[in-house]
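Record features (TrEMBL):
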DOMAIN    276-450  domain 'Mur ligase central'
BINDING   G278, S279, N280, G281, K282, T283, S284  ATP binding site
DOMAIN    473-598  domain 'Mur ligase C-terminal'
Amino acid sequence: MNKAIFLDRDGTINVEKDYIYKCEDLVFEEGSVEALKTFKNLGYILIVVSNQSGIARGYFTEEDLKAFNNNMNEKLKEEAVEITEFYCCPHHPDGLAEYKKVCDCRKPNNKMLEDAIERYNIDREKSYMIGDKASDIGAGLKSKLKTVLVKTGYGLKDMEKIDKNETLVCENLKDFSEVLKREKLNELLFEEFSKKVQIKNVVMDSRKVTEGSLFFAINNGNSYVKDVLDKGASLVIADNTDIADERIVKVADTIATMQDLATKYRNKLDIQVIGITGSNGKTSTKDIVYSLLSKKAKTLKTEGNYNNHIGLPYTILNVTDEEKFVVLEMGMSSLGEIRRLGEISNPDYAIITNIGDSHIEFLKTRDNVFKAKTELLEFVNKENTFVCGDDVYLAKLDVNKIGFNEDNNFRIESYEFSDKGSKFTLDGKEYEMSLLGKHNISNTAIAIELAKKIGLSEEEIKEGLKDIKISSMRFQEIRVGEDIYINDAYNASPTSMKAAIDTLNEIYDDKYKIAILGDMLELGEDEVKYHVEVLNYLLDKKIKLIYLYGERMKKAYDIFMKNKSEEYRFWYYPTKEGIVESLKNIRMEKVILLKASRGTALEDIIVKE
């Protein structure tokens, strides 16, 4: 059986205007087209059931009505959505000629609905009638459909004529679409807390609460419970509040409750989950995978740094019934953390980008980093696991290995850079993208093989590569006058810093190259040794100047410069201002790499015109 959304037309889909029939008078209600697209994405057939007594009154003809409806559908088709069928009643008890009659099709009678239900084999329990009048609601109830009154058109006037216990009231179609997208979440909340709610969004920042929010009060979020209730939150989950309100669910631990809800919600959803981890490159890889999968179906990805025990369940709870793919970045700083994220997300596919030096301070050895990262593989079979086979640790795994080395399952055979980005050949097929760097080619190749496994076509993959938008401060090019800053300063480890240096070495040979490098954090007791290794790595690179900043770089610089009295490219600066002034004195076209850990905030150096 099919599920349907039956819609009144005037005042619901389009702006109400008395006896509207001229095509040029069509104006869609704000957000209604987007709402119709959401309904379509959720698998609903869209059927209009409309009283059109203007025909009976002689204001326009059935041909005029047909032309108006066709015009509406043509405009909707331009937005990749359409009405399956228009059912319209032309009658009225006070009408003219053959249209003057008391009929069984004019709402609140339900013949139009019943005809459509029979023709399209509609499941009543899963279908809705939406309109702006009490007559729309009456027809829907007679056909045993779920009913929604929108406040557009005559909705505000007719609100008092309906029973709000049996009919949901929403601002407009868009407002209802936000509720419908979270139908499974609302079901879960009722199952868990016996709360019948209509959640429209999920937040843990009190400043982002709107009417219909589910708010998780985490830590000092408990101090803002009253504020979010005043803003119209539908449900608040809190572990440290004395406020008495039926919208509050008091729990022992908000974070644990969020994780539990996310686990159960993920298993309700008809989605494919991709888990991505690695010491470096997981955020960029997440962005690349998202770009590819978005060409196949609606996709959600981890935003910002929401890749831990709070951010990951929060991301899952923000999945709507529309999404088909969810791309989750998984971070960690100790053993067991990736396993917990896997338990919550139950991934269908896994990517591990590399095993590097990040978090060595906590994990002590790369062997432990390898153990921590590969906890993800406990949840995914080897056919659905994709790794960088050039990594000495990951090369040991019996999974899909992708990289430049000849013994990989999928090999990158050649590559080249230009001012437009990269071209590379992967298993005999050529690809192009705007990203630079061998590390980005490697990560993209992994994403491509994953996409193929999921079922994307070559055309979809190549279209996705055109639209990649990498998160900020990940090898982000910023042009200031004739200079190009490469802002790669979101984070750094020895592995990622060497990769950035390699890329700078291979590009922009016509420009004066400068590397500005800052401290790498969380490297443990050998941190100075790692910094010295990076400086030595620079010796044979085609980079004119290397500016260093930070106390760890200072220690490394002092060690490195011993016995290198003729090495004039390396300069240490105790302040960012000193680096800025030095850059201003170099009056030629420059390409300037910024690379350091997040705590260094090296992006402050970028000189604005």
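Along the chain as shown, residues are numbered 1 onward.
Glycine is treated like the rest: Cβ placed from N, Cα and C.
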Arithmetic mean of per-residue pLDDT over the domain 'Mur ligase C-terminal' (473-598): 92
Per-state residue totals over the domain 'Mur ligase C-terminal' (473-598) - DSSP helix, strand, coil: 48 helix, 29 strand, 49 coil
Fewest-neighbour residue among binding-site residues, criterion Cβ within 10 Å, set G278, G281: G281
C-beta crowding around S279 (ATP binding site), within 10 angstroms: 26
Three-state secondary structure, which DSSP defines for K282 (ATP binding site): helix
8 Å Cβ shell about G278, S279, N280, G281, K282, T283, S284 centroid, ATP site members excluded: I276, T285, T353, N354, N443, S496
